[in-house]
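Report on the structure given below.
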């Protein structure tokens, strides 16, 4: 019962009553604002702002009250807990003192004892009831000044607490100072008294630096700079007889000038002198005032400097507010403080200078200290004050800004009721305001319009009805009239009239109908399509009397239409629904019928696919080769690969045909299109949705179309890759090193990227799906009917990328049925794989590196090339064959990409073959050509000379089988040149194509071969032939002497006479004798030496009669014009006539056309750039032939072609050179440079040598016009 009465009588807290009072004040002020606001002309917004401000103030007041209530409650709890702790500690301390009477005072916790003393005095408000003074000085001085203070560390004298931290020179009891700071955190001490003593032996009376340093150390330890007072202690004066009094100066100013301090000290000296005289008169032992007057007078200047320098010290700046004087106790009078200090008073046996401390404490109330270092409370207070100020300023600024926005919107709506011209301008202004409000809602309002006063959302909702009404009146109405007029005109036209305008007119009609329907069905509106269509209507038109220019009117109209198109399709309530027009159903139906009659309803599957691709294209940029290789390297977690220096392409893959595009957008778009099932109809041309095509069918068609285009795009990209050739063998080795490195190879990165991209659309199976499929395969393994077996699902791109995936061993193609009974497995790929290909690359790289590092790279390259060309087993040939098989395995679809696999090996073969060709050319020049020129230089028949060539030497070089040249060709050029009968031709093998044989070399080699076959049939020179004289009118006798044998004819029966060249006769004389009817015996055409027959044949005119016979004609006497004719036939070919092919023959200087020679030829060409092959082929069929020097053209003047000899009668039967294809005859004079034509075995030429000294020399010189070289 008593407990119940106590709860009923329990008083409520002060916070409750303060909160009730705050609520009452708030209600009173709110009522006053609502009542007095309208009378003072305040708007509704201002009233709302005022109410909000009052509500905020109420909340802040309640929060503050609760905060202080919580603080007070916390203080009470701490106070109770500490009281119990002190009580327990006191009990333990009393028990300890009783048990251990020898406990020293230094071992007692002085901070706890001081706190206990003050709590016993003042209770929980003990912290700042007394003034706390800190005495700073050396401990010996403080001990003589206040003995108990030096021993205990503190004394309580009335309402003053005097503290001291032991200090001897540089040693300071910072622990005690830290405890003091913790006792009073906000203001540890109220003043600090620095004890100083004058020095008699030093130059200066006081050590000001030591005083300043001591003050600075205490301030740092306490983190508080308290007002400082200087206490000058003296050794004179009997404290036991003098009354307790305070003598000195105090001032409240922060700084005092030297003159003021000097004047105050002089006044103090006078006052002390007067008091000293008076007190000496009363008591002769009371001498302290008088002695202190002398002391101050003597140290007047030193004391003034002490105060000034202590205030302005470079060590630490202190506000010195007083200078006090006190005598020191004598050493024998200092007693140990045995008495308790619990009572807080000092007795006569325990002097403490009470008056001095209380004087300083009283004066410290007039001055303030300052905190040193960082203060959390001060910083927090400033931050909170700043935040509150900023919030108040922001609230005021936000109120004005929102008021201005609302006022501007109100004025704009009010102006919309004007004429047409200003209404469009005002509507544009309203558009901008609404656009600004929408931007604020999307991205956030500016800071200056927030602070709880932003009304953008409400303002936007309020403006929409006005905008809808104005837009319908100013924009939608005129635009609707324009569109309906167009539709009426379209409906009145026939199908033929519409179709006559082409697709453009039909599309324009369709777009007009679509625009009209979008205005009627905002959910179908597309701003990108609607904006240009509405702008094209030219509505609303500019009024005739408008003050706006046409350009400004058009700009405002386009801006208003753009805003309308962007907002007509928004989800809206009743306000935005007002923008929808009421369509004319009959007009729409007639227009649809007209458009359908012209072009019909097209299947929209293609349109859907194109729309999906078009929407995704801007979001995925084209994928270049560099980007592809970088992405592949990041996916493989390896260093980035680059194809620079190996292969490249300028083509790109459209970004829409990538795996990222499929997984992120395309697949979802196809699924959504399939679910809509709006396939066979167009909403513009029909209101009903056709469901003829199922969603699965549409999805399958769209997916198949996408993957077909996907494979086609990647095919174009990969087939455009081209290998970048390297000019040298070392550069090729570097290329192969990079290409064959599995970690850095761009080809590996490219193949990884292709495998990743080829996995687009593949279904990823979970572990459970995999286990189920395995179980189904095991259960159905014995099924013999292939149609009933479960067929694995292939990736959509597995078939297109199959050849590439097989090279990489990807499991995307592993889904093909294999291993099951009754199922045909896929064709094996053998050993073709990317890993094996890289091994071949490495083998080729080692081979090229070996060649590069050898002492003679050209020789090693030549041996390697010869080994390949001769068909021997070689890593080069095997690697090239493997690359060709890899390229062939990719098929025709990836032929361009397959060429990339062959290119490194082809280039390696090229750079190996080129040094080999140069080496073979050098061997040919040094071993064959030099010896040939040395042996046959300046000798007949190779030159115009009387010196004949050696037939044995010719046999040594020209024997068909064992000659030097034949041995060189068979040993060094095996695999490059092949012998087909008597002709040498370039080999047609795959490896020999890298070498370009000089055509002049083959021509010369074939000429020597044909000649050697006739001239050296059995190894030695021996040519058998027969001659038969032909009867000639006017000639009665003819005699031919050739190599010791003769043909004598005197018009008897014709017979064949056998001859042999060079014959066995020692006389190598050849000449002709004849006798005419009018003259005697004549002789001419004499020729000496073993080549005399050849010289004689050279002067004859040769006409081929059939395959075995040739007619030789000489006309030694041109004045009579009687020819000498003889028939010649031989066992093989043309017999000695074939030797004429060696006239002026020069052995070719090279075997192969090297790259340097080709480059030199190209550099020396001075003509225009080459024509494309298509132009050359077209020019071949033109009426005017191509100029000389171009492919497929007439030959150059020095390229003589020889026509076959013709059997004709008369003197016009000479064999003359003809130029193909114009067949023009040209005589060659003896002064021209002798050409070197290729002479066929069926053709014979003759040329003039030095004319012999004979009567017929002048006539024989004329025969040069009829002979061709």
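For all residues, glycine too, the Cβ spot is worked out from N, Cα and C.
Unlike curated records, TrEMBL annotations are generated automatically.
What TrEMBL says about this protein:
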- 1208-1217: compositional bias 'Basic and acidic residues' (COMPBIAS)
- 1224-1234: compositional bias 'Low complexity' (COMPBIAS)
- 1242-1251: compositional bias 'Polar residues' (COMPBIAS)
- 424-757: domain 'IcmF-related' (DOMAIN)
- 915-1021: domain 'Type VI secretion system component TssM1 helical' (DOMAIN)
- 1028-1119: domain 'Type VI secretion system IcmF C-terminal' (DOMAIN)
- 1205-1251: region 'Disordered' (REGION)
- 14-35: transmembrane segment (TRANSMEM)
- 47-68: transmembrane segment (TRANSMEM)
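Sequence-distant contacts of the transmembrane segment (14-35) (same chain, six or more residues past either end, CB-CB distance under 8 Å): 47, 50-51, 54-55, 57-58, 61-62, 65-66, 68-69.
Here the transmembrane segment (47-68) has Cβ contacts under 8 Å with residues 15, 18-19, 22-23, 26, 29-30, 33-34, 37, 395, 399, 452-453 of the same chain, all six or more residues outside its ends.
Per-residue pLDDT, averaged across the domain 'Type VI secretion system IcmF C-terminal' (1028-1119), gives 83.
DSSP labels the residues of the domain 'Type VI secretion system IcmF C-terminal' (1028-1119) in these numbers: 7 helix, 46 strand, 39 coil. Shown for the domain 'Type VI secretion system component TssM1 helical' (915-1021): DSSP residue counts in helix, strand and coil, namely 59 helix, 11 strand, 37 coil.
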